[in-house]
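Asker: If you scroll down you'll find the structure; I have some questions about it.
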Amino acid sequence: MEEQLSRKEKQESLAAAGSRQWLMLSLLSAAVYGLLAFLVFYFFRDTGLLSAFEHGCPPLVQLAIGGFTGGVASLVIWLVVIRSPVRKVLDDFHLIQAISRASFTPFDRIQLSLFAGAGEELLFRGALQPLLGIAATSVIFVGLHGYFKFSSPAHLLFGAVMFGLSVGLGYLFEQAGLLAAMSAHAVYDMLMLYAIQHRQSGA
């Protein structure tokens, strides 16, 4: 009995240490995205960083629209992926492979998704998209995530799906506002982190 308790305490300690590491990584990446967005505004935009939040629907409406859109996008994309040849090549993408191998607690999935959604959308949609346009920004966004591969039609299809998602976030930013894009991105990430690991576990 004592051995089982000791083993459980050790597992909990390792999980807590892992969560702290994921949180530090999230904070660092969000800070980097924020700094890059600030630099884009400082050198290339006529307005300040906060101006990215000025247009669109009221904040609560943006959050509701974004949450709903992110949930629907997750469901549609996952159904497309698991019912197409893409399912067989998912692990060829380094980010998917890393997520599959990682061990996330529910808190990890939430904080990773929130920081990624806020930081990435601030940089790509809030700072870069008004300069480059939706298409060019989406090419950069998807390319930096490593989702463009040309090894097979299945790889191309996955890249096209991710490009479509990014374009959708771009239009969401333009029509509803930056908070809508951030919340959609966060909800999408949260659900997909779970779905990818659920697929990996075979549960």
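Cβ coordinates come from backbone N, Cα and C, glycine included.
Okay, so TrEMBL annotates it like this:
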DOMAIN    110-190  domain 'CAAX prenyl protease 2/Lysostaphin resistance protein A-like'
TRANSMEM  21-44  transmembrane segment
TRANSMEM  64-82  transmembrane segment
TRANSMEM  131-148  transmembrane segment
TRANSMEM  154-173  transmembrane segment
Asker: Work out, from DSSP, the number of helix, strand and coil residues along the domain 'CAAX prenyl protease 2/Lysostaphin resistance protein A-like' (110-190).
Answerer: 70 helix, 0 strand, 11 coil
Asker: Take the domain 'CAAX prenyl protease 2/Lysostaphin resistance protein A-like' (110-190) and average the pLDDT across it for me.
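Answerer: Over the domain 'CAAX prenyl protease 2/Lysostaphin resistance protein A-like' (110-190), the predicted model scores a mean pLDDT of 96.
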